Amino acid sequence: MAAQIWYENDGDLSVLEGKKVAIIGYGSQGHAHALNLRDSGVDVVVGLRPTSKSVDFAKEQGLEVKSVAEASAEADVIMILAPDQYQRTIWANDIEPNIKPGAAVAFAHGFNIHYGYIKPSEDHPVFMVAPKGPGHIVRREYAAGRGVPVVVAVEQDPRGDGWALTLAYAKALGALRAGAIKTTFKEETETDLFGEQNVLMGGVNKLVEMGFEVLTDAGYQPEIAYFEVCHELKMLVDLMNEGGLNKARWSCSDTAQYGDYVNTVINEDCRKRMEYHLQRIQDGSFAKEFIDDQDAGAPHFKELQEKYSNERIETVGPKLRAMFSWNKDGVKDADEANSFTGKIARAQVQ
């Protein structure tokens, strides 16, 4: 069955007229949602801890900032954009005790609703608008008159206006310029986690790291190894984005194509491991492991961060990336992203 996709003419901004939208958190997605909605004429308030370093960022950009409790008490729509592991505490302590009857609760990722960490009462509409790109790209594309695609879902619809509200929000974000694909909280959560763990992060990162180690352990120069297993990956992914796997293949040499076809690194054993990890996502095992570690102060998470931030490939990358003139514009994007992430984003509403 073909996916249902909505575009610009399918959303009605008048649905948000007279309504106040609270954006909880001002990290990567938070700043993009707040600014895009504000520039679309929506009445926006940002909810943050009074001591959050993000308060100054938001105020400098002309946004109204209040505590999470105050913002929640006056909002008709509450978009929760704090990190997954903090959302349930923010909900229990600041949002649920203050939320107006019938106010809508929104998310950009289904994690806490799908796994039951947040359970709004049945009188609250619950919807999702999840951009398929980082916040600084969502903001940049909006400012350029374009948009980043989103996936959208409605989990609770007590009044029957859930989809109209969802599409109005997506339009205000600029997303309907690109398109909004209908999904469910379950599908978005499970596929998003699967993609991160098995392809985008846990797959690609491990391939790059291991490929680099195999070459350098065999005596090849680290700089040459970096070019072959990391640098060229970006160009190949760009070709995939433009024309799929086929364009990436026919853009390469016959030698490269043949090596692709006969490669045995990614095989049926890999598929079985992917299926195992999908099962852990589906049955909630991964979510419980992550949340339990976070509740304990994230000792395992911090240990892994330290371990992988010191991989050998990271000692070579900075020097070589400085050689690429076309990376100069990307540095600005990286700086912008970093200013809204890392320690500031993690501390935003705790």
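Even glycines carry a Cβ here, placed using N, Cα and C.
Feature list (source: Swiss-Prot):
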| type | residues | note |
| --- | --- | --- |
| ACT_SITE | HIS109 | active site |
| BINDING | TYR26, GLY27, SER28, GLN29, ARG49, SER52, SER54, ASP84, GLN85, TYR86, GLN87, GLY135 | NADP(+) binding site |
| BINDING | ASP192, GLU228, GLU232 | Mg(2+) 2 binding site |
| BINDING | ASP192, GLU196 | Mg(2+) 1 binding site |
| BINDING | SER253 | substrate binding site |
| DOMAIN | 3-183 | domain 'KARI N-terminal Rossmann' |
| DOMAIN | 184-327 | domain 'KARI C-terminal knotted' |
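Features per Swiss-Prot, on structure.
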residue : record                 : Cβ neighbours (10 Å)
SER28   : NADP(+) binding site   : 25
ARG49   : NADP(+) binding site   : 16
SER54   : NADP(+) binding site   : 23
GLN87   : NADP(+) binding site   : 23
HIS109  : active site            : 21
ASP192  : Mg(2+) 2 binding site  : 19
GLU196  : Mg(2+) 1 binding site  : 13
GLU228  : Mg(2+) 2 binding site  : 14
GLU232  : Mg(2+) 2 binding site  : 12
SER253  : substrate binding site : 8
Rounded distance in angstrom between the Cα atoms of SER28 (NADP(+) binding site) and GLU196 (Mg(2+) 1 binding site): 17
Spatial neighbours of GLN85 (NADP(+) binding site) that are distant in sequence (at least 6 apart) but have CB under 8 A: PHE290, ILE291, GLN294
Other CB atoms within 10 A, centred on TYR26 (NADP(+) binding site): 33
Closest of HIS109, GLU228, GLU232, SER253 to TYR26 (NADP(+) binding site), Cα positions, recorded positions only: HIS109
GLN85 (NADP(+) binding site) in three-state DSSP notation: helix
Pairwise CA distance, the residue listed as 'substrate binding site' versus GLU232 (Mg(2+) 2 binding site), rounded so that it is a whole Å: 14
Between ASP192 (Mg(2+) 2 binding site) and SER54 (NADP(+) binding site): CA-CA distance (Å): 27
For the domain 'KARI N-terminal Rossmann' (3-183), the mean pLDDT of the predicted model: 97
Site diameter for NADP(+), Å, by largest Cα distance between TYR26, GLY27, SER28, GLN29, ARG49, SER52, SER54, ASP84, GLN85, TYR86, GLN87, GLY135: 20
Proximal residue to GLU196 (Mg(2+) 1 binding site) among recorded positions GLN87, HIS109, GLU228 (C-alpha distance): HIS109
Assigned element (helix, strand, coil) containing ARG49 (NADP(+) binding site), judged by DSSP: coil
Using Cα positions only, nearest of the binding-site residues to the residue listed as 'active site' (ARG49, GLN87, ASP192, GLU232): ASP192
The domain 'KARI C-terminal knotted' (184-327) - residue tally per DSSP class, helix then strand then coil: 117 helix, 0 strand, 27 coil
DSSP-derived structure type at SER54 (NADP(+) binding site), helix or strand or else coil: helix
